[in-house]
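Novice: What follows is a structure written as structure tokens; I'll ask about it next.
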Amino acid sequence: MTESAIDDQRFNLTKELQRHSCRDQGKITQKDDALDFISYSSFQSSFNTDQKSANNGSTVRRSIRSIFRRAAELPRVHMGPLTYSHGINELVNKKLRKDCDLSTLCRVLQRGIRMIRMTRRRRKFYEFKLINNNGQIIWKDGSKYLELDSVKDIRIGDTASTYQEEVDPKRLRSDSKLWIAIIYKVSNKLKALHVVALNELDFNTFLSCICGLVKLRRELMESILLPDNSQFARIHWQITVSEKEEDEKKDTLSFADVKKLCDKFHIYVSTGQLLEFFQLADINHNGLLNYFEFEKFIKILKNRKEVNMIWSKFTKPPHSHLSFENFFQFLITEQHEQVDRQTAWSYFIKYREPTQLTMGQDGFTKFLKEQPYLVEVKEELYSKPLNHYFIASSHNTYLLGKQIAETPSVEGYIQVLQQGCRCVEIDIWDGENGPVVCHGFLTSAIPLKTVIRVIKKYAFITSPYPLIISLEINCNKDNQKLASLIMREVLAEQLYFVGTRTDKLPSPRELKHKILLKSKKTSEATRGLSVNEPFPSSFSSSYESANEQELRMKDDSTNSSSATNSSSMQRIKRIGLKKHADIINDVSNISGIHGIKFRNFSLPESKTIAHCFSLNERKVEYMIKDKHLKLSLDKHNRRYLMRVYPHVLRYKSSNFNPIPFWKAGVQMVATNWQTNDIGQQLNLAMFQILDHQPDGSFKSGYVLKPKKLLPVVTKAKMIPLIYEHFENGSDPVTVKIRILSTQLLPRLNDTSPSRNNTNSFVKVEFHTDDEPTMPISIDKGTRISATEASTKSSQGNGFNPIWDAEVSITLKDTDLTFIKFMVISEETQIASVCLKLNYLRMGYRHIPLFNMEGEQYIFCTLFIHTQIL
């Protein structure tokens, strides 16, 4: 029995079960029919094939055309999301109702489920409905809606409790188990829809339906856009024309049909080039494509000339297949893989022709697509003291936007921890009912306990290595006691104290699944060692200038009627905070790292093993410019910890260039993760390296410093000798990168300047700590500066544009060198990626591309070839 026949029988059985379960609803309507593809997809993935049962099924065939054709009539609607979200893997695995299929659940939600929408101001009943044609959930009579493709995560149970306390502190206990928080994005801003179901059945139905649809729409994009040519053609034909094999010869597609189909599935080719492909496939020359001609059209469309060139290099005529010996040679000479023959054979077997001992071009292309592009790190590299590592660090973690008047949110902590951040910041202030977390600039606040619970939940979701919490204590002694009690109770055995250890800091491997608090020492502990300091050393020095602004705001607000409610008054109280916040023993005793006020590097407090200086970017930049201070800074950071954070004038949460601070050996270079500018892209690239962990964890958040930054010295004057030694032992490095092509390039939106323009080029930027020994050059493009160049424009093809341009640059070394690729059309950036150069594997690699918000496109990649000579 053929696979397609089995699929048909699977569907028939599914359809029969579905009809049986819905008998009381009468005849299945066209709206029901529109959901058949949902039932088929979900059932196909879970059904164990039973041919005997299948043969007894009905002869009803599935019809998925209706949903796609109705969707095709909506010009702004595509078939699924373009990008992945950081929490998508956890999201799509949520499934509570197993007693019925997704199609049945969706029918219920189409009719509407009555629930309570929760906001900080009110609780109100609404009927929530699914509009299946364009993937929306609507309420408030359709005036409010949520796009399923914009959903980033769904929180229930413990993960939703933090939102419950934030939105409705006086909620009923019975609400907690029925609360659903949907995190989604609108205009690049995260929002949350909080709903409470009226009963467990509605809760399970709504949750299972939303999670199932989000998962299905993502899989739809993956399965339709990425299969082999024949499968690709069949899926698109069935969606657009007919599912019946007997119709393949008589049904046809016009050029207008093909153009609409391409647009719907993010296939952007100029009208002229698309017409050329259409005419090449139109063997009958009748202006229409039957199925076999359409299959040829897909083959022409997806033909990759750049891969053909690689293929012909290793398969000399008359051979049309790749032998194992040639494949092994390709791995060693082109890919620079350090593999033995046994490992190479395992790759070869996976991608070879099913019945032969050779590899075809389709298998070879698939191999190229699926090969990793980043190097891996072994766990033994995490055995050195903490001060030997760069640590992924966040500034103002609780903010999702600019600093002034921005509402704090636990979502900030969830997002950075999902991305591998290992040092988060908590600003603790006095609240009406205990310690709260906020920025202090007339913002609302989150209960500290809520934040600590979220951190505990997500602390090790991505990385098993230690998490550092940088505490900014701005509250009175009573709230400090409460804060220490909260952290002891919630974090419990995960808290780590350095104690009396004086020789060296523990390693990341020793501290797996541990949490270290960083706070200022008590005034008693620092008395006699330093002058009185009104704020914790880790407290942002920006407060001094900001406090003056806040006091003026306080004076202006005293007579304002807008500050009459208790929440606003509490914000004013925080502004009038006294200029002194002594740290009590309760907080200091549970801290593993102690922040101290920086005066100079020679005092006794600068030599305690667990101390940490916390300085703003300008103070460190000043040190770097001074010859003697620069050496002292370098010497300190070889043995002790330091944290650098953005200056107060970055009120829009922009980021600095982190490279000079890494070059100075600073471990915790804290950036605003909520802003995806070049500073944050460099920061993410530094910690993008994958870990070879048994549990599959990745993005450890710890990167071993370059070797020249590791040797501990007793005298600062020894440091130049270290650098001289490493420079003498290494030659300049020439980097050659051939930019070949991109695949499935997306279009920004319908109103973008490149709406009807499929011409694009790639801009390349090298970001490094030193001037290049030899500036950048490019063979098919334009040099912009010593470190920047751009390719020529690829005309007419936005689906798989080819550039085949090589850039070359010579550098002193690659320890702190990053490369950024940007795909640009009509001066509009479509996609980009930033990589640390020495993480990049050699040879041919497909690099995933990201949108302007830093989210990875599901199907868009950049194909390059890299050599380091």
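The backbone N, Cα and C atoms fix where each Cβ goes, glycine too.
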Novice: In Swiss-Prot, Lys518, Lys520, Ser614 are given as binding substrate, so which of Arg488, Arg643, Arg650 is in that site too?
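Specialist: So the substrate site in Swiss-Prot includes Lys518, Lys520, Ser614 plus, from the candidates Arg488, Arg643, Arg650, Arg643.
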Novice: Out of Glu276, Glu293, which does Swiss-Prot tie to the same Ca(2+) site as Asp282, Asn284, Asn286?
Specialist: Glu293
Novice: Let me check the 10 A CB neighbour count of His439 (active site). How many other CB atoms are there?
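Specialist: Around His439 (active site), other Cβ atoms within 10 Å: 23.
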Novice: Return the stretch with the most CB pairs under 8 A relative to the domain 'EF-hand' (269-304), choosing among 382-520, 590-709, 713-862.
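Specialist: By the under-8 Å Cβ criterion, the domain 'EF-hand' (269-304) pairs most with 713-862.
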Novice: Run through the domain 'PI-PLC Y-box' (590-709) and tell me, per DSSP, how many residues are helix, strand and coil.
Specialist: 41 helix, 23 strand, 56 coil
Novice: I need the CA-to-CA distance for His395 (active site) versus His439 (active site), whole Å please.
Specialist: 11
Novice: Other than its own, how many Cβ atoms are within 10 Å of the Cβ belonging to His395 (active site)?
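Specialist: For His395 (active site), the count of other Cβ atoms within 10 Å is 25.
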Novice: For the domain 'EF-hand' (269-304), how many residues does DSSP put in helix, in strand and in coil?
Specialist: 22 helix, 3 strand, 11 coil
Novice: For the domain 'C2' (713-862), jot down how many residues DSSP puts in helix, in strand and in coil.
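Specialist: Going by DSSP assignments, the domain 'C2' (713-862) contains 16 helix, 76 strand, 58 coil.
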Novice: Reduced to three states, what secondary structure does DSSP give His395 (active site)?
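Specialist: Coil, per DSSP.
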Novice: Let me know the model's mean pLDDT on the domain 'EF-hand' (269-304).
Specialist: 88
